[in-house]
Amino acid sequence: MLSQAWALALLCFLLSLWGSLPAVFLPQEQALSILHRPRRANGFLEELLPGSLERECREELCSFEEAHEIFRNEERTRQFWVSYNDGDQCASSPCQNGGSCEDQLRSYICFCPDGFEGRNCETDKQSQLICANDNGGCEQYCGADPGAGRFCWCHEGYALQADGVSCAPTVEYPCGKIPVLEKRNGSKPQGRIVGGHVCPKGECPWQAMLKLNGALLCGGTLVGPAWVVSAAHCFERLRSRGNLTAVLGEHDLSRVEGPEQERRVAQIIVPKQYVPGQTDHDVALLQLAQPVALGDHVAPLCLPDPDFADQTLAFVRFSAVSGWGQLLERGVTARKLMVVLVPRLLTQDCLQQSRQRPGGPVVTDNMFCAGYSDGSKDACKGDSGGPHATRFRGTWFLTGVVSWGEGCAAAGHFGIYTRVSRYTAWLRQLMGHPPSRQGFFQVPLLP
């Protein structure tokens, strides 16, 4: 009888629940509107159980501290937390060309294999290896081949090395090197004529001094054992070539030091287009009657390839100008060889300066400007014809010839230099095939 009463009570209880079951389930639209997983506090029994990633962070929302309790390792916890809290930024495989991805907070980092670079390793370094980009990485000259891409090559007297970019001398005294410094395992370029410093003995080994009847006439640059480049205007009033000599290895004019070598000038060659009294095409090539002996204090300056000069050397900020010219406007001539570093100006700034001097000399494409607007450092009378030398990756090149200027280091005015790259082909042709006799020659420029 008692068992029947219990059975009846249980049946009544189940029937009462049946009526309330529909309230447990929500309509679809209401269910979708609350698909949000709230964070809830762990119950008493859950706190007694060891940490579970699935229970703590998948079924619920966990904190960094709760995740740390699970991993019990700071680094592993942070790796998990970045992915858990921010999503895996590497899930889309953003790194290209075999790069590996590391997830970061709201970002990622690609570690690129050799030969690739960029945010997503998308850039093939080889495709960026062009002459217009840092000279193609070449130490001296850079060329382009449509099939093989860029290639490096070297000036005469140098050989390309196994790395395909470096140039090593093949002769004892190559152009563009300073022997006394090379033997000291290198040195800093000369520090910053007017406002300049004495060029230490042997550190301007290509500097030539041109003398007329034993007196300083102009400067010049040794570009080969028997060849000196200078300025055409130096020889406008020359009456007799027989009294003109070139001295190499000179340093202190007040005494004989030993390295000096004096040679008679056999030929003076200027462009046929040069007009006396004008400033355009102000360049001259001199052949010595006998070659000088190259050595520690006498070495040539490199005559650069024109493209290299215009596309690479022209963008080197500072270059060296040297000579024995006047130390000040209307001042005394320097006793020791002076050198100064001058900055090169942009062409438009040079042309603007030219337009501000109505009736003055015109700056043409065959020239460039260099110097300081405050007039603190400059070339001066007696420096004419001397070198504007530019250093690139350890080798010096002839980029300009001291031509003209308004005063010496005059404020607001810059020095004007003949742009050697415009005459490289003409100079090389004459050095390879000089006139057959001695004298003064006017030779047309190459078309």
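These residue numbers are counts, starting from 1, taken along the chain as shown.
Each residue, glycine too, has its Cβ placed from N, Cα and C.
Here Swiss-Prot flags His233 (among others) as active site, charge relay system, drawing on similarity to another entry. Reduced to three states, the DSSP call for His233 (active site, charge relay system) is helix.
In three-state terms derived from DSSP, Asp282 (active site, charge relay system) belongs to neither a helical nor a strand segment and is classed as coil. What Swiss-Prot records for Asp282 (among others) is active site, charge relay system.
When secondary structure is read from DSSP and collapsed to three states, Ser384 (active site, charge relay system) falls in the coil class. Sequence annotations record features per position, and here Swiss-Prot assigns active site, charge relay system to Ser384 (among others).
The feature disulfide bond is assigned by Swiss-Prot to Cys57-Cys62 (among others), with similarity to another entry given as support. Under the three-state DSSP scheme, Cys57 (disulfide bond) falls in the helix class.
For Cys90-Cys101 (among others), the entry in Swiss-Prot reads disulfide bond. Secondary structure at Cys90 (disulfide bond), taken from DSSP and collapsed to helix, strand or coil, is coil.
Taken from Swiss-Prot, the feature disulfide bond applies to Cys95-Cys110 (among others). The Cβ of Cys110 (disulfide bond) lies under 8 Å from the Cβ of Pro94, Cys95, Gly99, Ser100, Cys101, Glu102, Arg119, Asn120, Cys121, each of these being in the same chain and 6 or more residues away along the sequence.
Among the features that Swiss-Prot reports, disulfide bond is placed at Cys112-Cys121 (among others). For Cys112 (disulfide bond), the Cβ neighbour count at a 10 Å cut-off comes to 20, with all displayed protein chains included. In the three-state DSSP scheme, Cys112 (disulfide bond) is classed as coil.
Summarising the annotation, Swiss-Prot assigns disulfide bond to Cys131-Cys142 (among others) and lists similarity to another entry as the type of evidence. A C-beta separation below 8 Å, combined with a sequence spacing of at least six in one chain, links Cys142 (disulfide bond) to Cys131, Asn135, Gly136, Arg150, Phe151, Cys152, Trp153, Phe308, Thr312. According to its DSSP assignment, Cys142 (disulfide bond) is in a strand.
According to Swiss-Prot, the feature disulfide bond maps to Cys138-Cys152 (among others). For Cys138 (disulfide bond), the same-chain residues lying six or more positions away in sequence with a CB closer than 8 A to its CB are Cys131, Arg150, Cys152, Trp153, Val165.
Residues within less than 8 Å, Cβ to Cβ, of Cys154 (disulfide bond) and separated from it by at least 6 positions along the same chain comprise Glu139, Gln140, Tyr141, Leu160, Cys167. Positions annotated as disulfide bond by Swiss-Prot, on the basis of similarity to another entry: Cys154-Cys167 (among others).
Sequence-distant contacts of Cys302 (disulfide bond), defined by Cβ-Cβ distance under 8 angstroms and a gap of at least six in the same chain, are His155, Cys175, Gly176, Val223, Thr395, Trp396, Phe397, Leu398. What Swiss-Prot records for Cys175-Cys302 (among others) is disulfide bond, and it gives similarity to another entry as the kind of evidence.
The disulfide bond feature in Swiss-Prot is assigned to Cys199-Cys204 (among others). In this structure, Cys199 (disulfide bond) belongs to neither helix nor strand by DSSP; it is coil. Counting every protein chain shown, 22 other Cβ atoms lie within 10 Å of the Cβ of Cys199 (disulfide bond).
The DSSP secondary structure for Cys218 (disulfide bond) is strand. Feature annotation from Swiss-Prot assigns disulfide bond to Cys218-Cys234 (among others); the stated evidence is similarity to another entry.
Under DSSP, Cys369 (disulfide bond) is assigned to a strand (E or B) in the three-state scheme. Taken from Swiss-Prot, the feature disulfide bond applies to Cys350-Cys369 (among others).
As annotated by Swiss-Prot, disulfide bond applies to Cys380-Cys408 (among others), with the evidence given as similarity to another entry.
The domain 'Gla' feature in Swiss-Prot is assigned to 41-85; the stated evidence is sequence analysis.
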Rounded Cα separation (Å) that holds between Cys57 (disulfide bond) and Ser384 (active site, charge relay system): 82
Greatest C-beta neighbour count within 10 angstroms, which of the modified residues Glu66, Glu75: Glu66
Residue among the disulfide-bonded residues Cys62, Cys90, Cys152, Cys167, Cys218 whose Cβ has the most other Cβ atoms within 10 Å: Cys218
Among Ser93, Asn243, Ser384, which are recorded positions, the residue with the most C-beta atoms within 10 angstroms of its C-beta: Ser384
